[in-house]
Amino acid sequence: MKKLFLSLAALALSTMGLAQSGKLEIFSWWAGDEGPALQALIDLYKKRYPNVEVVNATVTGGSGVNARAVLKTRMLGGDPPDSFQVHAGQELIGTWVVADRMEDLNALFNQEGWMTKFPKGLIDLISYKGKIYSVPVNIHRSNVMWYVPAKLREWGVQPPKTWAEFLTVCQTLKSKGLEAPLALGENWTQQHLWESVALGVLGAADYANLWSGKLRFNDPKAVAVWNTFGRVLDCANKDASGLSWQQAVDRVLEGRAAFNIMGDWAAGYMTTTKGLKPGEGFGWAPAPSTAGVFMMLSDSFGLPKGVKNRTNVLNWLRLLGSKEGQDTFNPLKGSIAARTDSDPSKYNAYLQSAMRDWKSNRIVGSLVHGAVAPESFMSQFGTVMEIYLSSRNAQAAANAAQAIATQVRLGQ
Amino acid sequence: MRWFNNKDTLYGFLVILPSLVLLGIFVYGFIFQTFYTSLTDWGKDPAQALAANPQIRFIGFENYRELFTGLVDSRFRQDLVNTFFFTVFFILGCLGVGLGLAIVLDRSPRGEGFFRTIFLFPMSLSFIVTGTIWRWMLQPEGGVNQLPTLVGLPKGEFAWLTSREQIWQVSWNDLPFITALVVSVVLIFIAIAAFRGGERRRGYIASGSAALLLLWAFTLGRTLQPLPYDEPHGFNLAFIGIILAAVWQMSGYTMALYLAGLRGIPEELREAARVDGASEWQLYQRVIFPLLAPITLSAMIILGHISLKIFDLIFAMAGPDNAPTDVPALLMYLTTFRANQIAKGAAIGMILLLLVAAVIVPYLYSQLKSEVRR
């Protein structure tokens with residue numbers, strides 16, 4: 001009887017799926033290494049809705065640098081893709097939600113029971129005026145410090161817990177002949193380092209206040225971030241701007257540097273490309289002074305207004321938010337599920353530790369990866385960084401940051 | 001309507017009408033639209049930047065004012081300075097290398113055709129390809145920096161594309177003064193040339209305006225301060241790598257131009273000079289180089305407008321985010337498509353258009369004038 005019921009249910013499901021037809025265009029920048037993860041999701045979607053033609057529109061370029069420009073011309077030209085990838089948080093809200101281009105998804109979240117499945121800290125970051133506009137697919141952590149345990153033992157140092165400790169360890173390593181204990185890469189990785197320093201120096205509450213406009217960038221507390229940042233930079237390699245983030249990680253693996261602060265896609269690089277075992281070949285700790293805080297970034301998909309295949313998009317979003325969808329995608333992508341009920345056995349040792357932190361830690365958002373500030377601020381933050389790097393003047397950088405924050409109406 | 005009575009004129013007009021209409025819409029129409037956009041606040045309010053029907057207000061020349069005097073737009077000002085130095089060194093490099101190669105090839109050495117092809121070959125590559133090749137060669141750890149090790153020297157340490165060193169720094173506030181000085185020096189030269197050539201009226205006008213400009217520079221020009229503080233801008237050493245790659249690519253082209261010019265100089269002229277007892281150096285100095293002057297001018301115009309709007313080479317070599325090698329065209333792209341500041345991006349575009357026009361229009365004007373004379 002139970003079997004009959006099950007097969008009936010399956011039949012009902014499949015006919016429901018068969019009833020859906022038409023097209024679904026998915027716009028993303030998951031082309032290279034991330035391609036297989038996206039393909040797995042698309043395959044899953046096709047299995048459920050075989051009559052829907054899925055158009056996989058990808059524009060290459062890490063972090064969506066090129067895809068976002070293409071997306072903007074398409075949206076301005078009145079040709080929105082059915083669903084597009086966007087960093088969850090302000091990158092979506094500050095650009096598309098405030099421009100009234102997205103439909104809110106509160107109904108979908110309630111209907112699927114997702115309000116309790118995603119952590120509240122995440123829901124807060126992706127909401128605008130009490131409404132949710134995108135479905136987060138994965139979670140990456142920004143504030144992670146990577147090292148090689150064997151090398152640290154050789155040098156006789158422990159992974160530092162605070163930035164003050166970090167600077168002491170840095171001096172120790174320098175006296176042992178290590179020229180640049182911190183490996184750093186090109187400009188965005190320098191901003192990436194900055195956000196970990198800012199979180200460590202300010203603490204989670206003030207860090208969040210920075211983005212809501214409650215703490216000004218030229219406040220002495222925020223100026224202090226630049227001072228610490230400068231001292232941390234003195235521990236880094238001088239040829240940073242010429243290195244990609246992978247090359248910076250390589251420096252650590254080769255033993256030419258002790259630490260690297262990078263998002264946890266570095267774990268994917270070290271396990272998949274370099275074939276290292278998490279915990280043995282490489283070790284990790286929260287970036288100094290940020291233990292107990294999870295600085296997250298997330299890729300998400302939303303529902304633009306005026307799309308032709310609305311039902312297909314809603315089905316796609318339903319799949320993305322489901323446990324099955326998230327556990328299919330994330331092990332391949334090297335990230336963790338945004339849901340807190342995913343199955344740890346599918347993930348490697350590093351990701352399992354990240355999952356534990358995801359459930360227990362306080363959640364804040366990343367600046368460089370679009371969670372806490374709109375694109376208008378984010379892209380001009382590079383100018384602030386330039387001002388600091390060329391002048392090493394903390395006050396000048398802080399003033400410029402505040403001027404941009406005012407200009408783009410940050411936190412309003 | 002006597003004009004249309006001539007059938008040929010009518011047919012001629014009808015034939016070029018489609019291209020006139022298309023040019024009018026797709027070139028001049030869009031230039032005008034960009035200009036209008038640059039006078040608005042499109043992008044200032046995030047809620048309107050990418051809205052379906054954005055509400056855009058007219059704000060006059062505010063965007064231009066911000067670019068030249070705003071606190072957060074120092075990057076644009078550095079980019080202008082970068083473009084200036086890049087243009088100067090790129091043109092000098094191409095002209096020098098091109099002329100040198102052309103003179104060598106003009107003496108018909110063995111394998112001339114082979115070398116001509118070799119030298120011309122880089123021009124057939126796209127800037128993206130050139131940029132990618134040179135990016136590899138200029139990596140701090142490899143390529144060019146490893147060259148000295150071949151002869152036993154320590155390897156190079158220069159960070160080709162990412163060096164933050166800056167030389168020849170000038171405060172942005174001194175620029176009005178310096179510009180006035182440079183322009184008056186040029187005017188004085190024009191005046192001297194005019195007096196020598198017997199064009200007195202022209203000479204008076206040129207020297208008079210030079211005097212006026214100098215007077216302004218030393219009185220009001222000193223007090224005109226665009227910024228309330230000193231903001232140093234200079235030549236970024238990181239640009240040396242870009243200049244190398246650009247000269248490598250385009251000097252073959254100037255070589256071809258010069259070679260054609262050299263071949264166009266009749267042998268009789270050289271013979272006559274030699275008969276008159278001119279040394280080889282005097283032959284070049286007095287006969288050949290003056291005859292090559294129009295070619296130099298054309299080459300300068302063509303190279304100048306390439307360097308002013310350079311985008312792809314730097315995009316491929318250093319990426320759009322590498323501030324030491326930034327130029328206005330890259331900043332325009334970032335401002336418009338990353339920061340959503342559409343009006344400001346349009347303003348940068350208009351400034352670029354003006355710069356290119358300043359190079360091209362006098363050239364076209366003189367070309368047209370000489371054609372009419374013929």
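Including glycine, each Cβ sits where the backbone N, Cα and C put it.
Residues or ranges marked as transmembrane segment in TrEMBL: B:12-36, B:84-105, B:117-137, B:175-195, B:204-225, B:237-260, B:287-308, B:342-365. Residues or ranges marked as domain 'ABC transmembrane type-1' by TrEMBL: B:80-365.
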Sequence-distant residues near the transmembrane segment (B:342-365) by C-beta distance (under 8 Å, 6 or more away from its ends) are 31, 34-35, 37-44, 49, 56, 63-64, 66-67, 76, 83, 297-298, 301, 304-305, 308-309, 328-329, 331-333, 335-336
Legend entry - seg_contact(the transmembrane segment (B:287-308), the transmembrane segment (B:84-105)) with at least 3 CB pairs under 8 angstroms, min sep 6: yes
Highest Cβ pair tally under 8 Å against the transmembrane segment (B:237-260), stretches B:12-36, B:84-105, B:117-137, B:175-195, lands on B:84-105
Long-range CB partners for the transmembrane segment (B:12-36) (under 8 A, at least six residues beyond its ends), listed in sequence order, are 346, 349-350, 353
Sequence-distant contacts of the transmembrane segment (B:175-195), meaning Cβ under 8 Å and at least 6 residues beyond its ends, amount to 202-204, 206-207, 209-211, 213-214, 216-217, 221-222, 224, 226
